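Heads up: the structure comes next, in structure tokens.
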Amino acid sequence: MAYRKMLKSKIHRACVTQADLDYEGSITISPELLKVANILPYEAVNVWNITAGTRFETYAITGEKGSTDICVNGAAAHLVTPGDLVIIASFTQILEEDCAAHEPTVVFVDQFNRLKEIRPERIGVKSRIPYPA
């Protein structure tokens, strides 16, 4: 059996609200956003900084319920500045024969990290969010 690493979900254009060098590594995300993006606490995520062009891998931790904070912790805090826009992506392993039917989930948030829209990722479909926002 062959497996492929595929995009599972992403939180698109989240705004970094805090960067904490002194906290152990991770990215803090509200439980509400984690749930709709199907990301578990301690799950590995890639973070792509739209503003600065940096990329890194870390793991998600649960923030406070109802919070809109996105906090990058530990050494990765050097790679972001509060106000930066980021994409937070999670991946999964899928059997090769199931890949054609796979549709990742995209979670869109507004400039305050409040849930705006959830939809499947579709190749060739452009975001309705203009850049720069």
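For all residues, glycine too, the Cβ spot is worked out from N, Cα and C.
Among T58, T62, T92, only T58 appears in Swiss-Prot as part of the substrate site alongside G74, A75, A76. Here the recorded positions are T58, Y59, A75, and the one whose Cβ sees the fewest other Cβ atoms within 10 Å is A75. Largest Cα to Cα distance within the recorded substrate binders T58, G74, A75, A76: about 10 Å as a whole number. The 10 Å shell around the Cβ of A76 (substrate binding site) contains 20 further Cβ atoms across the protein chains shown. Calculated from their C-alpha atoms, the gap between Y59 (active site, proton donor) and A76 (substrate binding site) amounts to 11 Å.
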